[in-house]
Each structure stands twice: as structure tokens, then as C-alpha cells.
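Visitor: Can you keep this structure in mind? I'll have questions shortly.
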Amino acid sequence: MGKYSVLMIFIASSLLIVLQNVEIVNAVGCTGSFFNGNSSYAQNRRDLFSTLPNKVVTNGGFYNSSLGKSPNIVHAVALCGRGYEQQACIRCVDSAIQGILTTTSCLNRVDSFTWDKDEEDNVSCLVSTSNHSTFGNLELRPSVRYQSPNSIEPSKNMTLFEQEWNAMANRTVESATEAETSSVLKYYSAEKAEFTEFPNVYMLMQCTPDITSQDCKTCLGECVTLFKEQVWGRQGGEVYRPSCFFRWDLYAFHGAFDNVTRVPAPPRPQAQGNESSITKKKGRSIGYGGIIAIVVVLTFINILVFIGYIKVYGRRKESYNKINVGSAEYSDSDGQFMLRFDLGMVLAATDEFSSENTLGQGGFGTVYKGTLLNGQEVAVKRLTKGSGQGDIEFKNEVSLLTRLQHRNLVKLLGFCNEGDEQILVYEFVPNSSLDHFIFDDEKRSLLTWEMRYRIIEGIARGLLYLHEDSQLKIIHRDLKASNILLDAEMNPKVADFGTARLFDSDETRAETKRIAGTRGYMAPEYLNHGQISAKSDVYSFGVMLLEMISGERNNSFEGEGLAAFAWKRWVEGKPEIIIDPFLIEKPRNEIIKLIQIGLLCVQENPTKRPTMSSVIIWLGSETNIIPLPKAPAFTGSRSQSEIGAMSMSDDVFTELSCR
């Protein structure tokens, strides 16, 4: 048994290593309606596919064509990466076509695209088809991504790595979009760089040549953002869209870097010299008397520092009696400190809480815009004096947000609790809150479908972090459009954690007599029975999602909420009725998919609602099967009677967070 066992272990280990490094060779994404396999459309597509590989080569690497007449016309685009060999390009395009024809999710779908790659031939290529012309248009969806199975080692300095990686991504985007040539392969860039802790990092970007330079920059930027939001921390990854693709890795690929000069790592900070300050410039030692003088001065300084420490510690000890922020000592996950702001500093920043700096009025106080001495803009929430609930909110926000850090959560910079003042200082988010856009007829027109999709996905990621990915398990309890802030790039940030509830890691549900939240967004089991779980937040998310799609407030429908109205239209087979008129020309299938997700989130039975991790998977995939929803809350007689019987005080919490 001995030598055979060793041999089997060796073979199994080798196979495991191979499987871990196997790459998926093509990225296929399909959307749109279905067509009959025996239809004229199907025949036109087959005929177009039969000549496409050779046409790409004879046209310099990029080819756009159409065949047939409406409604059976087929449009196709094909592209081979720069530096290709002709036969390699032909094989790649043919492989891409086979991927479209054989992928289960693409069978007889009208819109399809694939970025195929052949590591052996060192070539990548694109093939896309549709029943409408995409030539010259920026196409961002569907998107497909892959990531390395391996994570970056925990011992690496991720803050430094991210800074260097961001700089490399920005350089590559700029280089790819310069388009100094009129070549059909003009939007292309390959870069090789040395990082402080990695000898070689490789990055490749390319766009189809039919779009503008600005569209190319937008497409590549969306690829980079998607990678960072979904799989950051991996040792490589790829994102493919119909108009562009992006890939980076720790090893060379596609033969794209053979003639690329490596960008050196940024200079490290200069080390301090070893020469003693007690030595004179000309190398002569300071005399005995000089040493005595230095010792005396240093001793005096130490005494002053000690006295100052005692005074500061005394003040802090008094403050700690008011609020306990745990053992974090005001340090967030980036190693930056949570500041205890001096009241004078806050007064100076807000011009003594000038009414001209008022951003809004909330349930527990007023929010002001402020500017610190270093020029940083902040949002300052001054809680109402003597408010018992405000005191609870203050302690809750500080104790939770000192330990949370995520791109889709608002960042608490510090606080002040001098005398009877309770003040929270946040990062300033310039675009106010989501409700200012989605419920305003004029501003809502600025929210494109792509922007709304990104906002919805960002909110979902923030919730996933709270429920599953952070060191804590937190239920927000007051999710609504006015508690979603939008930064300068319209990225969402979940805000207002005053009513949030901290769960133990193994705790899934709790009960409370203190109902905190806003009517219309609260799950029925929480509103009626005080039952709290992650599914309570999922319900609120579903309401917001439906508001984003319809552009209407949840309470805009007399006699029934938005969820009930959407459910009735869904059962009637007319879900498009609830779609915002500003979105009527947008991808209908995607919008209806999100209506379906929203209805799943607001189902009456909390166990039937999805987790936020499932929502993220559905949002990012074109191929996953999404279950059909059941009836939402408050649509049956049982729910209606519960509404009439339920007891609720005016415990409706803050309608405005820091903005």
C-alpha cells in the first residue's frame, strides 16, 4: 500500500493544484427576449457567425456587420486584442461564437456578448450580437467578472497596496483612452508595475474602438469599481462588459507585457540617519557641560508632558463616565483616530451653529455644515438638549460607528459631549440624501438607470456588511431614502445608526417593546410584535428598491402601500405599470428583475425573504434563477386586521440624518 498511497496522494495533490489555477476561458453574458431556434433571426445569426472570424482579420481586428431585415435583423460586433496573430484571432472568435451557442443561459437569447481568451495563443477577443445596433453606443450591461481563487496574504499592507493599485488603475485608464491613433485598436493599454510589497503587477484594459474616449473612460471606470466593490482583496481579477474589459494579475498574461517597461515602485520614506544629534557638524563631540545641559532640558520637558497627561487623563476619565466607546480608543480600521472634538472647534467650524449653515432638522436635533481649520468640510449633528431618546441615539452611534468601516456606510469622524452638548461630526456628503432626488420630478430625471442600479447595489453591499461581513452583527432598523446619503460621485452611504441594534454573532432574532423606525418601512413582524432580525432590514430595503424603480413614495398609493400595488400589477402580468416614466426606454428585463427582487424582500413571511448575500448575487448575475415572490405584507385580510389592532406610539425616529 505504501508506494501506491504515496503515488495517489501525489496525483491528487497535483490535480488539486491544476484545478485551483484553471481559468474560465470565456465570459458570456446574455439578456433580452428569446427567439425561436427555427426562426429567420436564428438563421441570420448562424449565417453571420459563419463569416465573422475571417471578417475580423481582414478588417484589421475589428468588424461590425448586420444581416437581415427588421424584425429579424441581427447586428454583430467582433474585436481581437492588439498584437494578435491572424490564426490566433480566428480561433479566438470562433471559440467565442461557440461559447454563445452552447452556454445554457444564452440559448436563443437575442442579446449576447462574450470576451473569450486563449492563454496558449496569447489573444483575447470580443463577440456580441443583438437585434438592434450597438455600434457607437456605450454598452455597460450585462457585466461578467472573475477573480483569482487566492486572497492577498494578511501580512501585506493593504492600505499601501490599495494606494499603489489605484494609482496604477488610473494610469492605465488614462493611457487607454488617450487614443492618439485612429487605429481600430486605439483604446488599449497594458502596464507592468513594481509595488512596494510585490515585484510585478500586471494590468490590461481595452475598449471597442467605436465609442468615444469619454465613453471608454466611463466603461473602464465601471469595471474597476465593480472589481473593487465585489472582490477586492484577491490576487487578480477580470471584469468584462460589451464595450470594454479590464484584467489585472500578479503574473503576465496574453503576451501583452513583453515590450512593456516596468514602472518602478514609489520611493520609500527616507530612513533617519544614525548620526547622533549630540555630535557637532565637524565631527567634534559636545563637551561634558553641554551633555549636562541637554539632560536637564529633557528632564524638564518630561515633567511638563507628565503634568499635561494627568490633566488630559482627568478630563477624559470624566467624559468616559458619560459614554463608553469600548476598547477601540477611537481608532478605525484604517488606523485613523476617532476624535473627541473640543466644543470650541465645533463652534468655529459651524460659525457658532449659524442658521446659514443648517442642512436640515431631524427628530433628535439639527444638522449643520461645518469647515474644520484644515479646510475639511464636515456635517455636524447637534442633538436636542434634554432629549432622552437623543442621548440613546448619541451613545448608540458612537459605540457602533467607531467599529465600522465600509465604503457604503457614512463615516463618523468624531464627537463632542462637553457640558450638556451632544454633537456628532461626520464626513460631509455633498449630494444630500436619496429622497431629495428620487421623489423630486426634476432631480429624478438626473438619475439614469445605471446610476439607480449602482445606488441599489451599494445600499445592498452596505447592509451585507452590517449583517454578515463586519466584526459585529448590526440591524439598522430605520432604512429609508432619507437615511441614504449620496457622495460627489452619487455613491450611496447608509446613515443614521441611532436606532441600530447590535446582535451577538450567533443571535438571529430578538424582541423589543421599543419600536424604532419609520412607518411604511418597518416589517410587519417588527411593527406588530417587536420581532427584530436581519430580515427586518431586508423588508425596508425592498420598499426602497421599489421606490427607486417607481419614483414614488411608499405612502403615495391611497389605501395600500407601494408593495401591495406592485404585487397586484405583478399578479396581473403588468409589472411595467409601476416603472418610472423616466426609465421607460431602459432595459425592461433588468428593471422587471429588480421589481421581482423587491417583491421577494417585502414578502409577509420573514423566512421567505432573501438574505442580503442572495440579493447581491442576483444583482450581479445574469444567469442565476430568481424565485417567484409570494404575497407581500398587508395584502391579505389577516394583515389588514393586524394593522387595525396594532398599537404604536409616535415613536417615529429621526427623518433626517447628517448630510
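Heads up, the Cβ atoms here are built off N, Cα and C, so glycines get one too.
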Visitor: Looking at Swiss-Prot, which of N131, N431 is flagged as N-linked glycosylation site?
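Guide: N131, according to Swiss-Prot.
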Visitor: Given the candidates N259, N554, specify the residue that Swiss-Prot annotates with N-linked glycosylation site.
Guide: N259
Visitor: Which site among Q361, D478, T518 has the most other CB atoms no more than 10 Å from its CB, taking these as recorded positions?
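Guide: By the 10 Å Cβ neighbour count, D478 comes out on top.
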Visitor: Looking only at DSSP and grouping its letters into three states, which state does Y426 (phosphotyrosine) belong to?
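Guide: DSSP call for Y426 (phosphotyrosine): strand.
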Visitor: Within 10 angstroms of the C-beta of V367 (ATP binding site), what count of other C-beta atoms is obtained when all protein chains are considered?
Guide: 21
Visitor: I'd like the number of other C-beta atoms within 10 A of the C-beta of L359 (ATP binding site), please.
Guide: 21
Visitor: Using DSSP with the three-state reduction, classify L359 (ATP binding site) as helix, strand or coil.
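Guide: It is in a strand.
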Visitor: Starting from D478 (active site, proton acceptor), work out which of the recorded positions listed here (L359, Q361, G365, V367, T518, Y526) have their Cα within 10 Å, and give them in sequence order.
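Guide: Cα within 10 Å of D478 (active site, proton acceptor): T518.
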